[in-house]
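Taken from TrEMBL as is:
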| type | residues | note |
| --- | --- | --- |
| ACT_SITE | LYS75 | active site |
| BINDING | GLY10, GLY11, THR12, ALA13, VAL199, LEU350, ILE363 | FAD binding site |
| BINDING | LYS75 | 7-chloro-L-tryptophan binding site |
| BINDING | GLU359 | L-tryptophan binding site |
Amino acid sequence: MLNKIVIVGGGTAGWMTASYFKAAFGDRIDITLVESGHVGAVGVGEATFSDIRHFFEFLGLKEKDWMPACNATYKLAVKFENWREEGHYFYHPFEQMRSVNGFPLTDWWLRNGPTDRFDKDCFVMASVIDAGLSPRKEDGTLIDSPFVEGADEMAGLTMVEHQGKTQFPYAYQFEASLLAKYLTTYSVERGVKHVVDHVEQVTLDERGWISGVTTTDHGDITGDLYIDCTGFRGLLLNKALETPFISYKDTLPNDSAVALQVPMDMERRGILPCTTATAQDAGWIWTIPLMGRVGTGYVYAKDYLSPEEAERTLREFVGPAAADVPANHITMRIGRSENSWVKNCVAIGLSSGFVEPLESTGIFFIHHAIEQLAKNFPGDDWNPVQRELYNDSIAHVMDGVREFLVLHYVAAKRNDTQYWRDAKTRAIPESLAARIEKWKTQLPDSETVFPYYHGLPPYSYMCILLGMGGIDLKPSPALALADPTAAEREFEAIREKTRQLTESLPKAYDYFARMRG
Ligand SMILES: Cc1cc2nc3c(=O)[nH]c(=O)nc-3n(C[C@H](O)[C@H](O)[C@H](O)COP(=O)(O)OP(=O)(O)OC[C@H]3O[C@@H](n4cnc5c(N)ncnc54)[C@H](O)[C@@H]3O)c2cc1C
Ligand SMILES: N[C@@H](Cc1c[nH]c2cc(Cl)ccc12)C(=O)O
(Lines of atoms letter the chains of each structure in order from A; the text may use other names.)
(Lines give C-alpha, C1' and ligand atoms only; values in the text may rest on other atoms or scores of the structure.)
(Ligands and ions follow the chains in the order given, each with its own letter.)
Protein backbone atom coordinates (compact mmCIF):
# COMPACT_ATOMS: atom_id res chain seq x y z
CA MET A 1 0.00 0.00 0.00
CA LEU A 2 1.59 3.29 -0.98
CA ASN A 3 1.95 5.39 2.12
CA LYS A 4 5.00 7.63 1.74
CA ILE A 5 4.12 11.29 1.17
CA VAL A 6 6.58 14.09 0.40
CA ILE A 7 5.15 17.59 0.85
CA VAL A 8 7.18 20.45 -0.66
CA GLY A 9 6.24 23.76 0.95
CA GLY A 10 5.62 24.86 4.53
CA GLY A 11 2.98 27.58 4.16
CA THR A 12 -0.63 27.20 5.28
CA ALA A 13 -1.24 24.57 2.56
CA GLY A 14 1.75 22.44 3.47
CA TRP A 15 1.09 22.30 7.19
CA MET A 16 -2.69 21.94 6.86
CA THR A 17 -2.03 18.96 4.58
CA ALA A 18 0.57 17.37 6.86
CA SER A 19 -1.51 17.75 10.03
CA TYR A 20 -4.75 16.50 8.45
CA PHE A 21 -3.17 13.37 6.93
CA LYS A 22 -1.48 12.54 10.21
CA ALA A 23 -4.83 12.91 11.99
CA ALA A 24 -6.48 10.76 9.29
CA PHE A 25 -3.98 7.93 8.91
CA GLY A 26 -1.75 8.14 12.02
CA ASP A 27 1.40 6.00 11.92
CA ARG A 28 0.14 4.14 8.85
CA ILE A 29 1.37 7.04 6.74
CA ASP A 30 4.91 8.40 6.45
CA ILE A 31 5.11 12.15 5.81
CA THR A 32 8.14 14.32 5.10
CA LEU A 33 7.60 18.05 4.69
CA VAL A 34 10.45 20.04 3.15
CA GLU A 35 10.33 23.81 3.13
CA SER A 36 12.89 26.31 1.93
CA GLY A 37 14.75 28.38 4.51
CA HIS A 38 15.08 31.27 2.09
CA VAL A 39 11.84 31.32 0.09
CA GLY A 40 9.15 32.78 2.32
CA ALA A 41 5.48 31.86 2.53
CA VAL A 42 3.12 34.38 0.92
CA GLY A 43 2.53 35.82 4.39
CA VAL A 44 -1.19 36.56 4.07
CA GLY A 45 -4.37 34.51 4.29
CA GLU A 46 -6.21 35.33 7.51
CA ALA A 47 -9.97 34.96 7.01
CA THR A 48 -11.88 31.74 6.40
CA PHE A 49 -15.18 30.02 5.68
CA SER A 50 -17.22 28.72 8.65
CA ASP A 51 -16.56 25.19 7.35
CA ILE A 52 -12.96 25.45 8.62
CA ARG A 53 -14.26 24.30 12.00
CA HIS A 54 -14.50 20.77 10.51
CA PHE A 55 -10.73 20.93 9.94
CA PHE A 56 -9.98 21.79 13.56
CA GLU A 57 -12.54 19.25 14.84
CA PHE A 58 -10.91 16.56 12.64
CA LEU A 59 -7.57 17.36 14.27
CA GLY A 60 -9.25 17.08 17.68
CA LEU A 61 -8.60 20.76 18.44
CA LYS A 62 -10.93 23.02 20.42
CA GLU A 63 -11.01 26.81 19.98
CA LYS A 64 -9.22 27.40 23.27
CA ASP A 65 -6.37 25.11 22.08
CA TRP A 66 -5.42 27.09 18.99
CA MET A 67 -7.19 30.49 18.85
CA PRO A 68 -5.08 32.28 21.50
CA ALA A 69 -1.88 30.93 19.87
CA CYS A 70 -2.95 32.42 16.52
CA ASN A 71 -4.37 35.76 17.79
CA ALA A 72 -7.63 34.56 16.29
CA THR A 73 -11.04 36.23 16.29
CA TYR A 74 -14.48 35.30 14.96
CA LYS A 75 -15.67 36.35 11.51
CA LEU A 76 -19.47 36.67 11.33
CA ALA A 77 -19.63 37.95 7.73
CA VAL A 78 -17.90 39.85 5.00
CA LYS A 79 -18.95 43.52 5.18
CA PHE A 80 -19.06 45.09 1.71
CA GLU A 81 -18.51 48.85 2.06
CA ASN A 82 -18.92 51.43 -0.78
CA TRP A 83 -19.58 48.82 -3.48
CA ARG A 84 -23.00 50.33 -4.27
CA GLU A 85 -22.17 53.97 -3.45
CA GLU A 86 -20.06 55.89 -0.93
CA GLY A 87 -21.31 55.28 2.61
CA HIS A 88 -23.45 52.21 1.83
CA TYR A 89 -22.63 48.81 3.29
CA PHE A 90 -24.19 45.37 3.70
CA TYR A 91 -23.20 42.01 5.18
CA HIS A 92 -22.85 38.58 3.63
CA PRO A 93 -23.33 36.59 6.87
CA PHE A 94 -23.13 32.95 7.96
CA GLU A 95 -26.85 32.64 8.60
CA GLN A 96 -29.42 30.43 6.89
CA MET A 97 -32.01 32.32 4.81
CA ARG A 98 -35.45 31.85 6.34
CA SER A 99 -38.35 31.00 4.04
CA VAL A 100 -42.14 31.50 4.37
CA ASN A 101 -44.70 29.44 2.46
CA GLY A 102 -41.97 28.22 0.12
CA PHE A 103 -40.57 31.64 -0.75
CA PRO A 104 -37.24 32.98 0.63
CA LEU A 105 -37.73 35.82 3.10
CA THR A 106 -35.83 38.08 0.70
CA ASP A 107 -38.62 37.55 -1.86
CA TRP A 108 -41.16 38.80 0.73
CA TRP A 109 -38.76 41.66 1.50
CA LEU A 110 -38.78 42.69 -2.18
CA ARG A 111 -42.60 42.36 -2.20
CA ASN A 112 -42.98 44.66 0.82
CA GLY A 113 -41.04 47.40 -0.89
CA PRO A 114 -37.27 47.29 -0.19
CA THR A 115 -35.76 49.20 2.73
CA ASP A 116 -32.08 50.20 2.66
CA ARG A 117 -30.89 47.15 4.70
CA PHE A 118 -32.12 43.77 3.48
CA ASP A 119 -29.45 42.20 5.69
CA LYS A 120 -30.82 43.73 8.92
CA ASP A 121 -34.41 42.85 7.98
CA CYS A 122 -33.73 39.25 6.91
CA PHE A 123 -30.85 38.24 9.20
CA VAL A 124 -30.22 38.52 12.93
CA MET A 125 -26.43 38.55 12.64
CA ALA A 126 -26.27 41.91 10.81
CA SER A 127 -27.26 43.75 14.00
CA VAL A 128 -25.03 41.54 16.17
CA ILE A 129 -22.05 42.54 14.01
CA ASP A 130 -23.05 46.23 13.93
CA ALA A 131 -23.00 46.11 17.75
CA GLY A 132 -19.52 44.47 17.78
CA LEU A 133 -20.76 41.44 19.70
CA SER A 134 -19.63 37.83 20.10
CA PRO A 135 -21.93 35.04 18.79
CA ARG A 136 -21.14 33.12 21.97
CA LYS A 137 -22.55 34.10 25.36
CA GLU A 138 -20.21 34.77 28.29
CA ASP A 139 -20.42 31.10 29.37
CA GLY A 140 -19.30 30.02 25.89
CA THR A 141 -22.66 28.70 24.72
CA LEU A 142 -23.54 29.49 21.14
CA ILE A 143 -26.56 31.64 20.35
CA ASP A 144 -29.47 29.24 19.87
CA SER A 145 -29.45 29.57 16.10
CA PRO A 146 -30.97 26.69 14.08
CA PHE A 147 -27.46 25.24 14.14
CA VAL A 148 -27.02 22.27 16.53
CA GLU A 149 -23.40 22.49 17.72
CA GLY A 150 -21.31 19.32 17.79
CA ALA A 151 -24.07 17.02 16.52
CA ASP A 152 -22.30 13.63 16.56
CA GLU A 153 -23.78 12.36 13.32
CA MET A 154 -22.10 15.30 11.61
CA ALA A 155 -18.59 14.57 12.92
CA GLY A 156 -16.08 13.46 10.27
CA LEU A 157 -18.24 14.34 7.28
CA THR A 158 -16.54 16.31 4.51
CA MET A 159 -17.70 19.84 3.75
CA VAL A 160 -19.42 18.52 0.64
CA GLU A 161 -21.60 16.25 2.80
CA HIS A 162 -22.30 19.06 5.26
CA GLN A 163 -23.51 21.51 2.58
CA GLY A 164 -27.07 22.58 3.21
CA LYS A 165 -27.46 20.71 6.50
CA THR A 166 -26.96 23.58 8.96
CA GLN A 167 -25.21 26.94 8.81
CA PHE A 168 -22.64 27.54 11.53
CA PRO A 169 -22.86 31.23 12.52
CA TYR A 170 -19.19 32.20 12.25
CA ALA A 171 -15.77 31.57 10.71
CA TYR A 172 -12.34 32.50 12.03
CA GLN A 173 -9.68 35.12 11.36
CA PHE A 174 -6.13 34.32 12.40
CA GLU A 175 -2.45 35.13 11.81
CA ALA A 176 -1.46 32.81 8.94
CA SER A 177 2.16 32.49 10.07
CA LEU A 178 1.09 31.59 13.62
CA LEU A 179 -1.33 28.94 12.35
CA ALA A 180 1.42 27.39 10.20
CA LYS A 181 3.69 27.41 13.29
CA TYR A 182 0.96 25.83 15.45
CA LEU A 183 0.31 23.10 12.86
CA THR A 184 4.05 22.49 12.50
CA THR A 185 4.23 21.58 16.19
CA TYR A 186 1.03 19.51 15.93
CA SER A 187 2.43 17.61 12.91
CA VAL A 188 5.99 17.03 14.15
CA GLU A 189 4.66 15.80 17.51
CA ARG A 190 2.73 13.18 15.55
CA GLY A 191 5.70 12.00 13.51
CA VAL A 192 5.92 14.27 10.45
CA LYS A 193 9.56 14.66 9.39
CA HIS A 194 10.29 18.39 8.93
CA VAL A 195 13.24 19.26 6.67
CA VAL A 196 14.22 22.91 6.28
CA ASP A 197 15.97 22.99 2.93
CA HIS A 198 15.60 24.31 -0.60
CA VAL A 199 14.45 21.91 -3.35
CA GLU A 200 16.81 22.56 -6.24
CA GLN A 201 15.63 19.88 -8.65
CA VAL A 202 12.66 17.60 -9.28
CA THR A 203 13.61 14.26 -10.86
CA LEU A 204 11.25 12.38 -13.21
CA ASP A 205 11.41 8.68 -14.11
CA GLU A 206 11.02 7.20 -17.59
CA ARG A 207 7.20 7.49 -17.35
CA GLY A 208 7.46 11.16 -16.43
CA TRP A 209 6.40 10.47 -12.84
CA ILE A 210 8.26 12.19 -9.99
CA SER A 211 10.96 9.91 -8.56
CA GLY A 212 12.45 12.36 -6.07
CA VAL A 213 13.34 15.93 -5.13
CA THR A 214 16.94 17.04 -4.63
CA THR A 215 17.68 19.50 -1.83
CA THR A 216 20.70 21.73 -1.20
CA ASP A 217 21.94 20.10 2.00
CA HIS A 218 19.84 16.96 2.60
CA GLY A 219 20.33 15.17 -0.71
CA ASP A 220 17.42 13.41 -2.42
CA ILE A 221 14.05 12.98 -0.74
CA THR A 222 11.85 10.26 -2.24
CA GLY A 223 8.31 9.04 -1.68
CA ASP A 224 5.25 7.58 -3.39
CA LEU A 225 3.03 10.68 -3.59
CA TYR A 226 4.42 14.22 -3.94
CA ILE A 227 2.28 17.13 -2.77
CA ASP A 228 3.16 20.51 -4.31
CA CYS A 229 2.53 23.23 -1.72
CA THR A 230 5.11 25.63 -3.19
CA GLY A 231 2.62 28.47 -3.66
CA PHE A 232 2.19 30.49 -6.86
CA ARG A 233 5.44 29.07 -8.30
CA GLY A 234 3.92 25.57 -8.68
CA LEU A 235 7.41 24.04 -8.65
CA LEU A 236 6.35 20.37 -9.08
CA LEU A 237 3.00 20.49 -10.89
CA ASN A 238 3.40 23.47 -13.23
CA LYS A 239 7.16 23.56 -13.68
CA ALA A 240 8.47 19.97 -13.41
CA LEU A 241 5.35 18.29 -14.85
CA GLU A 242 4.53 21.26 -17.14
CA THR A 243 0.82 21.22 -16.23
CA PRO A 244 -0.88 24.18 -17.96
CA PHE A 245 -2.44 26.97 -15.91
CA ILE A 246 -5.89 28.34 -16.89
CA SER A 247 -5.97 32.06 -16.18
CA TYR A 248 -9.16 33.76 -14.95
CA LYS A 249 -7.68 37.20 -15.64
CA ASP A 250 -10.06 37.88 -18.54
CA THR A 251 -12.97 38.02 -16.08
CA LEU A 252 -11.18 38.83 -12.78
CA PRO A 253 -8.57 41.53 -13.56
CA ASN A 254 -7.25 42.05 -10.01
CA ASP A 255 -3.72 40.57 -10.18
CA SER A 256 -1.89 42.41 -7.39
CA ALA A 257 -2.01 43.20 -3.70
CA VAL A 258 -0.12 45.21 -1.12
CA ALA A 259 -0.52 44.13 2.51
CA LEU A 260 0.22 45.69 5.91
CA GLN A 261 0.19 44.08 9.36
CA VAL A 262 -0.69 47.01 11.60
CA PRO A 263 -0.15 46.64 15.38
CA MET A 264 -3.20 48.06 17.14
CA ASP A 265 -4.63 48.39 20.67
CA MET A 266 -7.70 46.31 19.90
CA GLU A 267 -9.21 46.87 23.34
CA ARG A 268 -9.30 50.60 22.64
CA ARG A 269 -10.32 50.15 18.97
CA GLY A 270 -12.88 47.42 19.69
CA ILE A 271 -13.39 44.46 17.35
CA LEU A 272 -15.97 44.49 14.57
CA PRO A 273 -16.30 40.67 14.22
CA CYS A 274 -16.14 40.47 10.43
CA THR A 275 -13.85 40.93 7.43
CA THR A 276 -14.47 44.26 5.72
CA ALA A 277 -14.01 44.72 1.95
CA THR A 278 -14.00 48.47 1.19
CA ALA A 279 -14.29 49.29 -2.53
CA GLN A 280 -11.63 51.60 -3.95
CA ASP A 281 -10.97 53.31 -7.31
CA ALA A 282 -9.28 50.21 -8.78
CA GLY A 283 -10.11 47.32 -6.46
CA TRP A 284 -10.83 46.97 -2.74
CA ILE A 285 -9.13 47.02 0.67
CA TRP A 286 -9.53 44.23 3.19
CA THR A 287 -9.55 44.89 6.95
CA ILE A 288 -9.26 41.88 9.24
CA PRO A 289 -9.24 42.48 13.04
CA LEU A 290 -7.04 40.10 15.03
CA MET A 291 -6.00 40.17 18.68
CA GLY A 292 -3.15 42.69 18.81
CA ARG A 293 -3.25 43.88 15.23
CA VAL A 294 -5.22 44.52 12.09
CA GLY A 295 -4.44 42.74 8.81
CA THR A 296 -5.14 44.95 5.82
CA GLY A 297 -4.33 45.13 2.14
CA TYR A 298 -5.33 46.63 -1.20
CA VAL A 299 -6.29 44.11 -3.92
CA TYR A 300 -6.09 45.85 -7.29
CA ALA A 301 -5.48 45.48 -11.01
CA LYS A 302 -2.07 46.66 -12.28
CA ASP A 303 -3.78 47.66 -15.54
CA TYR A 304 -5.48 50.48 -13.59
CA LEU A 305 -3.14 51.30 -10.68
CA SER A 306 0.61 51.14 -9.96
CA PRO A 307 2.01 49.37 -6.88
CA GLU A 308 3.24 52.75 -5.56
CA GLU A 309 -0.21 54.33 -5.89
CA ALA A 310 -1.80 51.27 -4.29
CA GLU A 311 0.55 51.44 -1.31
CA ARG A 312 0.00 55.19 -0.91
CA THR A 313 -3.78 54.70 -0.97
CA LEU A 314 -3.56 51.89 1.56
CA ARG A 315 -1.39 53.90 3.95
CA GLU A 316 -3.79 56.86 3.70
CA PHE A 317 -6.72 54.50 4.36
CA VAL A 318 -5.09 53.05 7.48
CA GLY A 319 -3.78 56.37 8.81
CA PRO A 320 -0.85 57.14 11.15
CA ALA A 321 -0.78 53.61 12.63
CA ALA A 322 0.66 52.39 9.29
CA ALA A 323 3.59 54.83 9.38
CA ASP A 324 6.46 52.45 10.22
CA VAL A 325 4.87 49.24 8.96
CA PRO A 326 6.66 47.54 6.03
CA ALA A 327 4.51 46.80 2.97
CA ASN A 328 4.30 43.32 1.40
CA HIS A 329 3.74 43.62 -2.37
CA ILE A 330 2.32 40.48 -3.96
CA THR A 331 1.69 39.47 -7.56
CA MET A 332 -1.23 37.08 -7.64
CA ARG A 333 -1.60 34.23 -10.15
CA ILE A 334 -5.36 34.16 -10.73
CA GLY A 335 -6.84 30.96 -12.12
CA ARG A 336 -6.32 27.26 -11.71
CA SER A 337 -4.08 24.45 -12.92
CA GLU A 338 -5.74 22.44 -15.70
CA ASN A 339 -5.51 19.41 -13.40
CA SER A 340 -4.30 19.56 -9.79
CA TRP A 341 -3.46 15.86 -9.63
CA VAL A 342 -1.14 14.66 -12.40
CA LYS A 343 0.62 11.28 -12.25
CA ASN A 344 1.95 11.03 -8.66
CA CYS A 345 1.82 14.76 -7.92
CA VAL A 346 -1.02 16.68 -6.27
CA ALA A 347 -0.91 20.47 -5.93
CA ILE A 348 -2.68 21.96 -2.92
CA GLY A 349 -2.93 25.69 -2.15
CA LEU A 350 -1.77 28.51 -4.42
CA SER A 351 0.10 25.97 -6.58
CA SER A 352 -3.29 24.45 -7.49
CA GLY A 353 -5.20 27.68 -8.06
CA PHE A 354 -6.36 30.96 -6.55
CA VAL A 355 -8.85 33.77 -6.88
CA GLU A 356 -8.61 37.15 -5.16
CA PRO A 357 -9.53 36.83 -1.46
CA LEU A 358 -12.84 38.75 -1.75
CA GLU A 359 -14.75 35.94 -0.03
CA SER A 360 -11.76 34.38 1.81
CA THR A 361 -11.71 31.23 -0.33
CA GLY A 362 -7.98 30.36 -0.40
CA ILE A 363 -7.95 28.27 2.76
CA PHE A 364 -11.37 26.83 1.85
CA PHE A 365 -9.78 25.58 -1.40
CA ILE A 366 -6.97 23.97 0.63
CA HIS A 367 -9.36 22.36 3.10
CA HIS A 368 -11.59 21.00 0.31
CA ALA A 369 -8.56 19.64 -1.60
CA ILE A 370 -7.23 17.87 1.49
CA GLU A 371 -10.61 16.27 2.26
CA GLN A 372 -11.04 15.12 -1.34
CA LEU A 373 -7.50 13.70 -1.51
CA ALA A 374 -8.06 11.77 1.72
CA LYS A 375 -11.33 10.45 0.28
CA ASN A 376 -9.71 9.54 -3.07
CA PHE A 377 -6.35 8.47 -1.66
CA PRO A 378 -4.67 6.28 -4.30
CA GLY A 379 -4.14 2.53 -3.97
CA ASP A 380 -1.15 0.68 -5.43
CA ASP A 381 -2.92 0.62 -8.80
CA TRP A 382 -3.05 4.43 -9.02
CA ASN A 383 -6.55 4.03 -10.43
CA PRO A 384 -6.92 6.93 -12.93
CA VAL A 385 -10.63 7.25 -12.10
CA GLN A 386 -9.70 8.51 -8.63
CA ARG A 387 -7.51 11.22 -10.17
CA GLU A 388 -10.36 12.15 -12.53
CA LEU A 389 -12.92 12.37 -9.70
CA TYR A 390 -10.52 14.49 -7.67
CA ASN A 391 -9.64 16.82 -10.56
CA ASP A 392 -13.32 17.33 -11.45
CA SER A 393 -14.14 18.29 -7.86
CA ILE A 394 -11.25 20.77 -7.61
CA ALA A 395 -12.04 22.34 -10.99
CA HIS A 396 -15.74 22.73 -10.14
CA VAL A 397 -15.02 24.40 -6.80
CA MET A 398 -12.66 26.95 -8.34
CA ASP A 399 -14.79 27.62 -11.43
CA GLY A 400 -17.85 28.02 -9.21
CA VAL A 401 -16.16 30.46 -6.84
CA ARG A 402 -14.82 32.38 -9.86
CA GLU A 403 -18.38 32.87 -11.13
CA PHE A 404 -19.49 33.98 -7.68
CA LEU A 405 -16.72 36.59 -7.51
CA VAL A 406 -17.40 37.89 -11.03
CA LEU A 407 -21.01 38.42 -9.90
CA HIS A 408 -19.77 40.88 -7.23
CA TYR A 409 -18.29 43.15 -9.92
CA VAL A 410 -21.10 42.80 -12.45
CA ALA A 411 -23.70 43.53 -9.74
CA ALA A 412 -21.84 46.43 -8.05
CA LYS A 413 -23.76 49.65 -8.72
CA ARG A 414 -20.80 52.08 -8.49
CA ASN A 415 -19.45 53.35 -11.81
CA ASP A 416 -17.40 56.37 -10.77
CA THR A 417 -14.07 55.20 -12.27
CA GLN A 418 -13.04 53.43 -15.49
CA TYR A 419 -12.27 50.35 -13.39
CA TRP A 420 -15.90 50.09 -12.22
CA ARG A 421 -17.35 51.02 -15.62
CA ASP A 422 -15.24 48.29 -17.27
CA ALA A 423 -16.54 45.79 -14.71
CA LYS A 424 -19.99 46.16 -16.27
CA THR A 425 -18.88 45.73 -19.87
CA ARG A 426 -16.10 43.12 -19.49
CA ALA A 427 -16.88 39.63 -20.83
CA ILE A 428 -18.20 37.29 -18.13
CA PRO A 429 -18.57 33.48 -18.16
CA GLU A 430 -21.51 32.66 -20.45
CA SER A 431 -23.01 30.38 -17.80
CA LEU A 432 -23.06 33.28 -15.32
CA ALA A 433 -24.69 35.62 -17.86
CA ALA A 434 -27.47 33.06 -18.34
CA ARG A 435 -27.93 32.71 -14.58
CA ILE A 436 -28.15 36.46 -14.06
CA GLU A 437 -30.98 36.65 -16.62
CA LYS A 438 -32.91 34.07 -14.57
CA TRP A 439 -32.19 35.88 -11.28
CA LYS A 440 -33.71 39.06 -12.67
CA THR A 441 -36.99 37.12 -12.68
CA GLN A 442 -36.52 34.78 -9.71
CA LEU A 443 -34.02 35.01 -6.84
CA PRO A 444 -31.22 32.38 -6.88
CA ASP A 445 -32.07 28.91 -5.66
CA SER A 446 -30.35 25.51 -5.79
CA GLU A 447 -31.61 25.03 -9.37
CA THR A 448 -30.13 28.23 -10.78
CA VAL A 449 -26.75 28.70 -9.08
CA PHE A 450 -23.53 27.00 -10.26
CA PRO A 451 -24.61 23.34 -10.39
CA TYR A 452 -21.62 21.66 -8.72
CA TYR A 453 -20.41 21.90 -5.10
CA HIS A 454 -18.36 25.09 -4.70
CA GLY A 455 -18.98 25.92 -1.05
CA LEU A 456 -21.55 28.70 -1.51
CA PRO A 457 -25.28 28.26 -0.90
CA PRO A 458 -27.99 30.11 -2.88
CA TYR A 459 -28.50 32.67 -0.09
CA SER A 460 -24.91 33.87 -0.60
CA TYR A 461 -25.88 34.82 -4.15
CA MET A 462 -29.02 36.58 -2.87
CA CYS A 463 -26.89 38.68 -0.50
CA ILE A 464 -24.59 39.83 -3.28
CA LEU A 465 -27.43 40.62 -5.68
CA LEU A 466 -29.48 42.48 -3.06
CA GLY A 467 -26.49 44.24 -1.53
CA MET A 468 -24.62 45.39 -4.61
CA GLY A 469 -27.69 47.10 -6.07
CA GLY A 470 -26.61 47.12 -9.71
CA ILE A 471 -29.03 44.48 -11.01
CA ASP A 472 -32.79 45.14 -10.84
CA LEU A 473 -34.60 42.40 -8.93
CA LYS A 474 -38.33 41.80 -8.71
CA PRO A 475 -40.43 39.80 -6.21
CA SER A 476 -42.26 36.69 -7.37
CA PRO A 477 -45.64 37.91 -8.78
CA ALA A 478 -47.37 35.18 -6.74
CA LEU A 479 -46.62 37.14 -3.57
CA ALA A 480 -49.01 39.88 -4.66
CA LEU A 481 -51.83 37.34 -4.19
CA ALA A 482 -50.40 35.55 -1.16
CA ASP A 483 -51.36 36.23 2.48
CA PRO A 484 -48.41 38.18 4.00
CA THR A 485 -49.31 37.42 7.63
CA ALA A 486 -46.80 34.60 8.13
CA ALA A 487 -44.03 36.67 6.54
CA GLU A 488 -44.84 39.65 8.76
CA ARG A 489 -44.61 37.30 11.78
CA GLU A 490 -41.17 36.15 10.56
CA PHE A 491 -39.89 39.70 10.16
CA GLU A 492 -41.15 40.52 13.66
CA ALA A 493 -39.47 37.39 15.06
CA ILE A 494 -36.18 38.57 13.57
CA ARG A 495 -36.61 42.00 15.14
CA GLU A 496 -37.39 40.39 18.53
CA LYS A 497 -34.45 37.96 18.34
CA THR A 498 -32.18 40.86 17.35
CA ARG A 499 -33.34 42.83 20.40
CA GLN A 500 -32.70 39.86 22.73
CA LEU A 501 -29.20 39.18 21.39
CA THR A 502 -27.98 42.75 21.15
CA GLU A 503 -29.07 43.27 24.77
CA SER A 504 -27.36 40.11 26.12
CA LEU A 505 -24.27 39.08 24.15
CA PRO A 506 -20.76 40.14 25.27
CA LYS A 507 -18.55 42.47 23.23
CA ALA A 508 -16.39 40.50 20.80
CA TYR A 509 -13.12 41.87 22.20
CA ASP A 510 -14.11 40.98 25.79
CA TYR A 511 -15.03 37.41 24.78
CA PHE A 512 -11.67 36.83 23.05
CA ALA A 513 -9.72 38.46 25.88
CA ARG A 514 -11.45 36.13 28.37
CA MET A 515 -10.62 33.13 26.16
CA ARG A 516 -6.94 34.06 26.46
CA GLY A 517 -7.28 33.96 30.24
C1 LIG B 1 -3.11 39.07 -1.03
C2 LIG B 1 -3.66 37.75 -0.57
C3 LIG B 1 -4.64 37.71 0.44
C4 LIG B 1 -5.16 36.48 0.85
N5 LIG B 1 -6.15 36.44 1.81
C6 LIG B 1 -6.70 35.24 2.13
C7 LIG B 1 -7.76 35.16 3.08
O8 LIG B 1 -8.17 36.14 3.68
N9 LIG B 1 -8.32 33.94 3.31
C10 LIG B 1 -7.87 32.80 2.69
O11 LIG B 1 -8.43 31.75 2.92
N12 LIG B 1 -6.83 32.85 1.81
C13 LIG B 1 -6.25 34.03 1.53
N14 LIG B 1 -5.22 34.08 0.65
C15 LIG B 1 -4.67 32.79 0.16
C16 LIG B 1 -3.72 32.26 1.23
O17 LIG B 1 -2.72 33.18 1.47
C18 LIG B 1 -3.11 30.97 0.74
O19 LIG B 1 -4.12 30.06 0.39
C20 LIG B 1 -2.31 30.31 1.84
O21 LIG B 1 -1.38 31.20 2.37
C22 LIG B 1 -1.61 29.09 1.30
O23 LIG B 1 -0.49 29.45 0.64
P24 LIG B 1 0.48 28.25 0.18
O25 LIG B 1 0.84 27.46 1.39
O26 LIG B 1 -0.21 27.56 -0.94
O27 LIG B 1 1.73 29.04 -0.41
P28 LIG B 1 2.82 29.88 0.34
O29 LIG B 1 2.29 30.47 1.59
O30 LIG B 1 3.38 30.79 -0.70
O31 LIG B 1 3.94 28.81 0.78
C32 LIG B 1 4.82 28.28 -0.20
C33 LIG B 1 5.84 27.42 0.55
O34 LIG B 1 6.65 26.75 -0.43
C35 LIG B 1 8.00 26.83 -0.02
N36 LIG B 1 8.85 26.73 -1.20
C37 LIG B 1 8.77 27.42 -2.34
N38 LIG B 1 9.74 27.04 -3.18
C39 LIG B 1 10.45 26.07 -2.55
C40 LIG B 1 11.58 25.26 -2.88
N41 LIG B 1 12.19 25.37 -4.07
N42 LIG B 1 12.02 24.38 -1.98
C43 LIG B 1 11.40 24.23 -0.77
N44 LIG B 1 10.34 24.94 -0.40
C45 LIG B 1 9.87 25.86 -1.28
C46 LIG B 1 8.11 28.16 0.70
O47 LIG B 1 9.22 28.16 1.57
C48 LIG B 1 6.76 28.19 1.46
O49 LIG B 1 6.92 27.48 2.67
C50 LIG B 1 -4.67 35.29 0.25
C51 LIG B 1 -3.69 35.32 -0.73
C52 LIG B 1 -3.17 36.54 -1.15
C53 LIG B 1 -2.12 36.55 -2.21
N1 LIG C 1 -19.99 27.00 3.22
C2 LIG C 1 -19.70 28.42 3.44
C3 LIG C 1 -20.76 29.24 2.75
C4 LIG C 1 -21.05 30.57 3.31
C5 LIG C 1 -22.22 30.91 3.87
N6 LIG C 1 -22.17 32.25 4.27
C7 LIG C 1 -20.98 32.73 3.96
C8 LIG C 1 -20.42 33.98 4.20
C9 LIG C 1 -19.14 34.22 3.80
CL10 LIG C 1 -18.44 35.74 4.13
C11 LIG C 1 -18.38 33.20 3.20
C12 LIG C 1 -18.92 31.91 2.95
C13 LIG C 1 -20.22 31.70 3.36
C14 LIG C 1 -19.65 28.65 4.94
O15 LIG C 1 -20.57 28.24 5.64
O16 LIG C 1 -18.63 29.21 5.38
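Glycine is no exception: its Cβ is also placed from the backbone N, Cα and C atoms.
Proximity of the recorded positions (GLY11, THR12, LYS75, LEU350) to ligand 1: a Cβ under 6 Å from the molecule is found for GLY11, THR12, LEU350. Packing around GLY11 (FAD binding site) is summarised by its Cβ count: 24 other Cβ atoms lie within 10 angstroms of its Cβ, all protein chains included. Rounded to the nearest whole angstrom, the C-alpha distance between ALA13 (FAD binding site) and GLU359 (L-tryptophan binding site) is 18. Listed in sequence order, the binding-site residues among VAL199, GLU359, ILE363 whose CB lies under 6 angstroms from an atom of ligand 2 come out as GLU359. Among the binding-site residues GLY10, VAL199, LEU350, GLU359, ILE363, the residue whose Cα lies closest in space to that of LYS75 (active site) is GLU359. Shown are the binding-site residues ALA13, VAL199, LEU350, ILE363; the one with the most C-beta atoms within 10 angstroms of its own C-beta is ALA13. The Cβ neighbour count for the residue listed as 'active site', using a 10 Å radius over every protein chain in view, is 26. VAL199 (FAD binding site) falls within a strand segment according to DSSP.
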